[in-house]
Each structure stands twice: as structure tokens, then as C-alpha cells.
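What TrEMBL annotates here:
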DOMAIN    757-849  domain 'DYW'
REPEAT    161-195  repeat 'PPR'
REPEAT    343-377  repeat 'PPR'
REPEAT    440-474  repeat 'PPR'
REPEAT    542-576  repeat 'PPR'
REPEAT    613-643  repeat 'PPR'
């Protein structure tokens, strides 16, 4: 043994004494050992530190044993011996666990002399009768070929357990004393000692060596009776026994019945069975499912050697295995060799391989080549290639599907409608959906998901109701899709809550995709507290959940809470993406945390090496712009690695409007109009900028340009939901049946607002009219009408929540703060930028939005 010289050096140091009579300590020894451990492996730095402190710790025995165990478990036997020697020489306490552990080390080193010295220490320390220590002594003597000593130790033990019996049995087996090993097993059964998995593995190994298959069958019966047939090690021992006895059929039966097979299982069968083509195909397919590319290559070599290489099924199975393991080029080499043996299965497998490896262009090319070679696609081919859009013509493949009458196939139909959904064409998707003969839950969920992605809440809810009426049980993906549909502002808040309740009732609410959808839905519909409650209850969280909470807190004005969530992600070393940083930089933007936002941007680019997308640059421009740092915002735009998009220029233009920087606003507007000439926001923001600076002539020019280009300004609306019904208002609206009451409430509020010191800020009226008229215009803004209706239509104290499609103006923001105070109501306003929570005369945004 390599470690034998080391043992010879250690042994003289071990002068066994009663630890209670040893009075000197070895603190320096502990330090030396710590340094030695650190040089050996950084992995054990924590354990070394624990050893350095054992002199001072009240839990010294536990710490010593823990360190001994770690050294032993990781085969650092020399260090285990050094540590044990140091413990003993310093007079520190040694218990049964210490002794059991060091005896196992002796067994591993095959050193019976050292083991006998420990045996003596066991007797002197009073641990001789300890079951664990006694069992370790039996095991040590058996493994060091001191069979008689091992048997003697076993006989002297008063208390024995199944581990003790198994150690004796295994000892006899290792020492080739087969008959005595079988006798031990027989005695166990007679005395009522129930064998464990290790016992069965040991005795089956003995029977295999003796080719005693008759007794082996009897043991197999006991294995089944005791419920150990599912244990992998026991199954492997049964396979080994049957194969050594030439009973291939029985070995195969055991193999096929094993729920968990490992390399020993497979190697045993491969070595002992004459493998057929079908067995090779099965084995290669298993490699595919487990992504065991190395083993698949070994099987590839074996089939080549055995002459099975030309078998088409084997080649196809190998090809699929390579594609699913990411080795698409080797898969194509195999496919190229097939030549005349290619059929629709191998073509489809290769097309699917390219799709799985994100190479849709090659998949589309192969699909076209397949048809040129006269191979007719089947339903699996079509359902595979449809995912390659836009590399293939969706309408052309659809025409082929109809021509070959595959449109009613559930797999093809679902793939086709999914492709249309991804292009946003829900009308065509719905037509395909209706043609599917037997709609499964996947088809229903795909159709529902399409409507959800488009924000068509009514159609999504309609599909959900239709599927339940059809007797189809919604699954977690169905609930996830319909809950995502409830995110849109057109959905009723109660609808989301109802689907939440149904998900709970059906047992799907804890599914990750459902709980993540709920977090997103509640966060985006103004109920950040409920979102947080679901987030905290999630046992497993995906990136969607983390991002939703960060973005949610950012939009609700809780920038610090968003930062806290982000810091928790950092502690857990979780992956982050552009959406994560859009959320966290937005949180910094809304809270005015410019330095923090810059820090996170630098972290993203320099530390995490995530390439910022256009939205990230827009967030950074927004961060600087809101803080009045317009020059820095413009400098960032100039430094971008690509041309600024509309979202960036729109952000800068809005900031120029707030800070009344005409030159910069004009520059941003020109760039935005060149990119989106029919988007009204550029014209409106620019005209508002001119109006805010009193340049009515330039404002008129912009308005005239809008008329010439037939650009329509988006009309401002505000929505409020009362008793599951949604009411919408526009500025100066008189269409509501309760209009008289609404305006009467506004007049009442006007008086009370002035009593609170309110003075209208007519700068927010962008018309060249008298101040008195400007005040009237302000008082009729859509959000004020919606809030007034909410006040008269709901009971006192009930929170009011409204949604506005445009940004709330500064004067309305001041008014709503005062209304929340004088009415004693919490008012939540969701405008185009964020949520504003008004309560007691204050807003969650801190007047920084």
C-alpha cells in the first residue's frame, strides 16, 4: 500500500493512555494541522477552521467527530489518522463515534496492527460494548484478513444489529469463505434479524460466486417479500447471480423490472447477454432521454464492431441521440451516410434535431430537400417544421397540410394554430382550432394563450368557458394563460381573482407557471400586497416571479423594496436577464436613485456580461432625464452600440417636455417622427412642449402637420370598476347616466379643495385660452370624473382604483392627493407610466414621477 510508510511514521506517535490522565494540550499541533489541511485542499477550509477552534469550543467532541468523518468520507485517511493522534495526545475526549470512524480508516488502510491498538483503547475507554464500535471492530478484522479475530469479536458482542451481521457475512465473502457466509445468512433468518439491502447484495454475491442459483432463487423470494427488489444494488446483484448461472431470461426480467438502473446494471447486461438489434435501439434511446452522449458513442462503437451499423433503426436512434445531446454535426454525418436508407422517420428526426438546436434555417432547407427527394412528410414532420417560422412560409405549409388532409390531426392542428398565435394572427389560429377533430388540452391552452398574448380578455375567457363545458379539465398551463389574460387593463379585477379561486379549487394554484402568473397579474393590477404574499409562498420561484416582484415594486413606487428583492437574487446567485435590469433600473428611476441605477447598469454590462437591449438604454435615458441630467442622457444615446429606437427618443422627448428644453425636445421629436411618422405621441409631446413654453405659433404648426398627415391624437380615457362593471370616462364627459351627480360632487370637492389651499396650476392646460377657462378644463379631466363617480357609487372608506391610458397631469396629481385626505379614501391611479397610491394627502411616488 502507498500509505504504508506513512503509517509506520505515525504509529510510534500513538502512545495510548487513558485520556482522563493526560494533562497537556497541543494548541500548536492544531494550528499546524490547520495549515497542512489548507494546503491540501481549499474544499476543507471550513473543517480546518473548526479544528483550529476545538480547544475553545464547548462542543469539541462533536467538532472533532465531524472533522474525522469528513476526512474519512473523502478518503483523506492520512489526515484522519493525524487528527485522531492529535486528539488523543492532547487528552481531549474520544467517544464511540470517534472510535468507529478511525476503525473504518484502519479497514481502508488494511492495517490490523493499528486497528488492534484502537481495539485496546476501546476497552480502556469503556466503549467495547458499544454496538457501533463493536461492528466496526468486526469489519476491521474481516477486511484485514483476521477472520478468527473478527468472529471472536462478533461472538463477544452482547448487542448486535443487522449491520453487525452483514459485516460478518461480507467479511466471510471477501475472504472466500462462501459456506460460512451462507451459514451467517441462515442464522440471521433463524434468529429473526431482518436483512437490509446490503445484506442481500452480499449474500447474492456469495451465491453468484458459488453458482448456487437454487438457493439464489430462494433468496430472491425473500428479497421480494421484504420489498427490496426496487433497490438498485440488490437488482444488480440478482442480475449478476443469474447471468453467472447462465439464466439470461431471469436476468433480463430483473433488469426490465428495475425502476432505477445505473452503469453497473447496463454493464452487467451488456457483458452477460448477447445483444440484439432491438436491445441496442432501446439502449441508445435510453441514452437519448438521459443525454448520455459518451455512453451513446460507446454503443456506436459496439454496433460497428458487431456488424449492426447498417441497421436503419440503430442509425436513426444514434442520430436522434446526437441531436438531443447537442452534437448536431455528428448527427448530420450519420444522416448523410444513410443515403438510400433514408425514410420519413430519419428525415423528420434530422429536421427536429436542427429545430432543437436552434437552427431553423437548416431545418427549413432540409424540409425542402426532403420533398425534392420524393419523401412525403407525415404529421410529425409538419408539426415539427411549423415551429421553423419565419424560416418557412407559414401559409405555404398550411396549404400543404390542408392538401394532405392533416389539418384535423391534433398534433399538426395544434402546431399550426401555435404558429399563427406567435405571429399574432389569432383569427387564422381560431379557424385552425375549429378544424381540429379531437381537441386536447394542449390545443385548448394554445388557443387561450393566443388570445391572452393579444390582450383579448373576452375571447380568452370565452375559450376557457367553452373548454370546461366540453368536459375538458383545465391544467396548470390553461390557468396560467387565462390568468395572464387578466393582466390587461380591459380585464375586470374580479376576473383575475375568480380564476385564482378556480386554480386553488382544482389544485393547480401552487404550480410554478400558475403562481408566477398570479404574481404578475396582481402586481400589474394594482394589488402589490397580494403579489408579495403569493411570491413568499412559492416553494420554487422562476425568473418570471423575481422579475414581476421587482417591476411591481418599481411601478408601485416602492423602489427600496425592489432593491431588496434584487439583492436577494444576488445572494442566491440567480440568473438575471434584461427584464431583471429593466425592473431594477426603473425602480431607481422612479425613486430618483441615479447613482444606484448607474451601478446596476455597470454591473449588468461589466460583471454579468449581459448585452443591454434598447429598453435598457431607454431606462437609463429615463433615469438621467427625470433627474434633469439631459446632457448625460444625450451622451448615452450617442454612445449606444446601435441607432436609438423610437422608445429612446420618446423617453427623451417626454423628459424635454417636463424640463422645458425646447432644443433637445425638437431634436428628439424629429428623430421619433422619422421612425414612426404616424405615431401621435411625438406630435403631441412636441406641441405640449411649445405650449408649456408659451410658443403658441410653433404649437399651431405641429397641430397643422398632424392634420396634414392625418395623425389622430390618442384620446385620454379613465376607467373605474364598480361592482364587477367597468365604466369609462373622457374629459368633459356627460354621457354617464349619473353625470349630474358626478359634476355636483366635483363642485362640492372644488369648494373643499380651495379650503385646503388648492390653487389650480394652469400650466397644464395646453390651450391658448383665458385662465378661468383653463381652470374649467382642468376640473373636467377624465381621472377626476372617474374618481367622483367612485366616491358616490361606493361606500365610505372603500378604496378607489382607476386606470388612465395617458400620464396623469401634475395638477390632477395635486388634486387627487387632497381628495384622498379630505375624503379619507385610498385612491390608486394606474397611468401610462406607473401606479400612484394616494393616501392621507400623500402619494407613493413622492411627487417624483
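Numbering starts at 1 and runs along the chain as it is shown here.
Placed from the backbone N, Cα and C atoms, the Cβ positions cover glycine too.
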Positions whose Cβ lies under 8 angstroms from the repeat 'PPR' (161-195), at least six residues beyond its ends:
131, 134-135, 138-139, 141-143, 145, 147, 150-151, 154, 202-203, 205-207, 209-210, 212, 215, 219, 222, 226
Looking only at the repeat 'PPR' (440-474), how are its residues distributed among DSSP helix, strand and coil?
27 helix, 0 strand, 8 coil
Mind checking how the repeat 'PPR' (343-377) divides into helix, strand and coil residues in DSSP?
26 helix, 0 strand, 9 coil
Near the repeat 'PPR' (613-643), which same-chain residues lie under 8 Å Cβ to Cβ, leaving out any that are not at least 6 residues past its ends?
578, 581-582, 585-586, 588-589, 592, 594, 597-598, 601, 604, 651-652, 654-656, 658-659, 661, 664, 848
Six or more residues beyond either end and a Cβ under 8 Å away: which residues meet both conditions relative to the repeat 'PPR' (343-377)?
312, 315-316, 319-320, 322-324, 326, 328, 331-332, 335, 384-385, 387-388, 391-392, 400, 404
Just to confirm my parser: what is the rounded mean pLDDT across the domain 'DYW' (757-849)?
87
